[in-house]
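Just below is one structure, and these are the notes that go with it.
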Amino acid sequence: MNLKLLKQKDFFLLIFGKLISLLGTGIQEFALSMYVLKITGSGAKFSTVLAVSMIAPILLGPIAGVFVDWLDKKKIIVYCDILSGIIVGIYALFFKTNHGLSLLSIYVLAILLSLISTIFQPAISTVIPSIVKKEELVEANSFNSIVMNFGTILGPILGGMLLGLLGIFPVLIVNSISFILSGISEAFINIPRSNKQNKDISFQLFKRDFKEGVVFIKNKRFIFITISIAIIINFVFTPVFNVAYPYIAKEILGVTDVKVGLLQSIATGAMIVGAMMCGAITKNVRANKCMFISMIVISMLMAILALSQSSMYLNLFKTNMVAYIHLAILGFLIIFVVTINNIVLMTTIQKEVPLDMLGRVNTVMSSFAMAAMPLGCIIFGFSIDKVKPCICILVASAIAFCTIIYFKKDLLKLEMKENDAEINADM
């Protein structure tokens, strides 16, 4: 990886602020989940908290993208982090004075933070292509992916330690401080201003810009295909690893909770390794070919995963340990490739979409991709009760394979045309 990127002040401050914020959020999310389970004893009620927090990004994401493209990105990310810190701080004081939080108040907190995040995420997603060179985007997105994964790993660990030693109040204080520190860090980033800022906001202007974003995605075939790939990955990949993976480990292989946890750790490790190696692997490969090859590899590995967990294959061995090892290895390889594909996909969007439209395009992609995740999990969850998990995974593999084959001609042809156009323009 190109460590010289971290010597660039703006990029370092962005990554540093994001790491602090993600750690604080990870600590709070884990601690609150344990707190909800403690006061209600219901896993269903906690899942409702998660569901509530997903409503705003799905419904309001595309709308928020228009406003993000209008306004000063720096002010958005700084104010959003500071506001989040203030809200969590108020909740900490509320907890202290009332000796606890009601389930309703936790719902409200989840909704408020998700509303802020709906505005914050499209703004922060446009910052990286604004402060680094195009040729550095893959490495920059790799660093971003590593930071997000470290936050995912360390957040729950630190959250469990803080909750066990000190309780929920210090957890809320830590997250409040992390948001504010992140906002302060981001205040020193130099972000170029967009030409679309300082407009008189009106419904007609909003309607026009929203339609402009939709038309851009529709007419820019390569962007449409890229977003479609992101949606399909979330639809078929998320349920395989969120539903089938733990189900196979516990219900079919009958492994201990420790070994299930080890599988999750291996998966997270694959994300970090994939992000670290992405730049070197994709250096001399065009984005279109990289996405095509990675989708083919993902679908094939998922098919092998399905076959390795079939009754016919499992009966070949006296112990389930062989199948468990195969589950771990194939899981690592699939997530490794998915991580590389995601980084290339995001980099492609950043390169192909003008900065003054990037907020709208990113929110449309994230909204549809986010909606595809629970939909895929629900369908997969019902299916896994009716048929064997290996069949469900095989179907998911087939969907991924058929999707990329369907888009193959346009994906490869359009990218080559764009590259040829760039070459001709340079001449």
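Here the Cβ of each residue, glycine as well, is placed from N, Cα and C on the backbone.
Where the annotation comes from TrEMBL, it is an automatic prediction and has not been curated.
What you are looking at is a predicted structure, and each value in this text was computed from that prediction instead of being measured.
Summarising the annotation, TrEMBL assigns domain 'Major facilitator superfamily (MFS) profile' to 10-427. Residues annotated as transmembrane segment in TrEMBL: 12-37, 49-71, 76-94, 106-131, 222-248, 260-278, 290-309, 321-345, 357-381, 387-407.
Counted over residue pairs 6 or more apart, the CB atoms of the transmembrane segment (357-381) and the transmembrane segment (290-309) come under 8 Å in fewer than three pairs, which marks the two as apart. Away from its own ends, the transmembrane segment (260-278) comes close to residues 1, 138, 141-143, 145-146, 149-150, 152-153, 241, 245-246, 249-250, 327-328, 331-340, 343-344 of its chain (Cβ-Cβ under 8 Å, at least six residues beyond either end). Within its own chain, the transmembrane segment (321-345) has Cβ neighbours under 8 Å at 138, 141-142, 145, 226, 229-230, 233, 237, 241, 245, 248-249, 253, 255, 259, 262-263, 266-267, 269-271, 273-275, 277-278, 281-282, 287, 290-291, 294-295, 297-298, 301-302, 304-305, 308-309, 313-314, counting only residues six or more beyond its boundaries. Taking Cβ pairs closer than 8 Å, the transmembrane segment (222-248) reaches residues 216, 260, 263, 267, 288, 291, 295, 298, 302, 305, 309, 327, 331, 334-335, 338, 341-342, 345, 348-349, 352-353, 361, 364-365, 368-370, 372-373, 375-377, 379-381, 384, 389, 392-393, 396-397, 399-400, 403-404, 407, 410-411, 414-415, 418 in its own chain, all 6 or more past its ends. Taking Cβ pairs closer than 8 Å, the transmembrane segment (290-309) reaches residues 226, 229, 233, 236-237, 240, 248, 252, 282, 323, 326-327, 330-331, 333-334, 337-338, 340-341, 344-345, 348, 389-391, 393-394, 396-398, 400-401, 403-404, 408, 411-412 in its own chain, all 6 or more past its ends.
The average pLDDT computed for the domain 'Major facilitator superfamily (MFS) profile' (10-427) is 78.
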